[in-house]
């Protein structure tokens, strides 16, 4: 007999939080009648500067089946949190989940760019990626490198050898669910191998907080620039050179403001 669910949640706190966040976002999207095109990531929206979609697309899901499948796989992969004695554990899980979310999203856009510009496949301009699959495939891949003898359990009855699970799942989902994002899943696998093989390494609390901070800044400024939400506390206006922004943060209810402007060093090339 397995452990009570409560104890398993305590053993997988980060995984449980991720599942809770994705579930809450799915419920909000359904209740608010928000279409996946409003939160998903596509080549066209990236060109328009909607970089915030790299984050929103990862935590959003199209349907309850989409959500259940991803969260079931994620729950099984949460075993990473219990492998602290092998150099993994909760902290490792949190650090590299951030890496997987950000880098796989960037890689998706990079792949779209190559397919569109190099191979003239205009179809990929209209493709919108959405879902936590990139992170699921990433952790599946990392675990296949770190613990090749493990098994991936889905829905409590389907068990896959973890060493083959990334590509088995990639092919399986592409056949069973034709609208699944092959590029998104493949991006997660590529970033996962980069982490598993040590090509991306050295993440600690300092780098994780730094990466999270920059991600938050890009998220907020791109959200403001896109005009999707009216962020009253933040104003972007041109200064001497319209290409150089001046940023002002206003405290509500006061006449005080903090102004920040950046001017280029002499001889610097602005690309």
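Using the three backbone atoms N, Cα and C, a Cβ is placed for every residue, glycine included.
Annotated features, as they stand in TrEMBL:
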DOMAIN    49-200  domain 'Peptidase S54 rhomboid'
TRANSMEM  50-73  transmembrane segment
TRANSMEM  93-116  transmembrane segment
TRANSMEM  123-142  transmembrane segment
TRANSMEM  154-175  transmembrane segment
TRANSMEM  182-200  transmembrane segment
TRANSMEM  206-223  transmembrane segment
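Tallying C-beta pairs under 8 angstroms between the transmembrane segment (93-116) and each of 50-73, 154-175, 182-200, 206-223 places 182-200 first. Pairs of Cβ atoms less than 8 Å apart link the transmembrane segment (182-200) most often to 154-175, out of 50-73, 154-175, 206-223. Distant neighbours of the transmembrane segment (154-175): 69, 72-73, 76, 133, 137, 140-141, 143-144, 147-148, 182, 185-186, 189, 192; these residues of the same chain sit at least 6 beyond its ends, with a Cβ under 8 Å from one of its Cβ atoms.
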